[in-house]
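Chemist: Dropping a structure here in structure tokens format, bear with me for questions.
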Amino acid sequence: MIYTTSLLSRGSIFGSLISKVRQVVAKNADTANTNPINNHHFTPTPKPNRPLAAASLSNSSALHSKTLEEQIGLPPRPKKPLTPYFRFMREMRPKMLASNPSITTIEVVRQLSKNWVNADPKMKERLQSEYKRDQELYVEQRTKYEATLTDAQRAEIKQMKQDISDAKERKQLRKRVKELGRPKKPASAFLRFIAIERTNTPQTEQQTYREWHQKATAKWTRLSDEEKAVYLSESRKELDQYKKSISIWEEKMIRLGHIDVVRHGNLIDPPEPKHRKPQAAKEK
């Protein structure tokens, strides 16, 4: 049976920890004076470049992604201060890398997690004190920042957050659907023609894909009904087979409890047929 991993599983928590560590890596001693948390006069500052070790582990080549506020032309929102644990990790990571340059990020996290449990209580107390001080300053700066936003800007940021959340849910659903083996919808007649055209008349070095596609689309529109019928016939055959396959698959998903991957229209029970009165009763 195919199943999905819970969001609260050990693996996902560890993955989140790795992600947080990469954020900590971006902070170094030079940012202490430019961090809004350590500056009573809030001024947006560019995010420092990450060390090469962290950059090589990133899936994106971008060293700095804009916040929602920056995307609509506002200064970045004040950042929450690091918790004592991540402050400890920020301090100890360079020492561990210096003593063992070949160690991986995952191994660093594992080792520092163990070291944190047995860390000096005085160090923990110091880190907690620093966090509390920065947290109070953060709350003050966040309050001032929120006061500068208009209702329209708040609404726009809220909508952007909702759009990101919806996109994330759709991505997760697509992943689940693929893992659960949902049948693939067949290509349309036009897409079948395009696929064959890419083989018969490939894109030249002088052409962009857009130019080639426009030319192929124009050729499709010039085809006669008889020529298009060949592609339409194949598409209809596969579509009929797809409808049968998707129906069987969705029935299976309902039995297994995967209701969220089933099309909503198929979850609505058909209306019960109305009972007709006997003919004799009508005559009376």
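Every residue gets a Cβ built from N, Cα and C, even glycine.
So TrEMBL lists the following for this protein:
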DNA_BIND  78-146  DNA-binding region
DNA_BIND  183-250  DNA-binding region
COILED    124-170  coiled coil
COMPBIAS  32-42  compositional bias 'Polar residues'
COMPBIAS  274-284  compositional bias 'Basic residues'
DOMAIN    78-146  domain 'HMG box'
DOMAIN    183-250  domain 'HMG box'
REGION    32-58  region 'Disordered'
REGION    265-284  region 'Disordered'
Chemist: Tell me the residue counts in helix, strand and coil for the domain 'HMG box' (183-250), as DSSP assigns them.
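Modeler: Its residues divide into 52 helix, 0 strand, 16 coil.
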Chemist: Run through the DNA-binding region (78-146) and tell me, per DSSP, how many residues are helix, strand and coil.
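Modeler: Split into helix, strand and coil, the DNA-binding region (78-146) gives 55 helix, 0 strand, 14 coil.
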Chemist: Considering every residue in the domain 'HMG box' (78-146), what is the mean pLDDT value?
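Modeler: A mean pLDDT of 93 is what the model gives the domain 'HMG box' (78-146).
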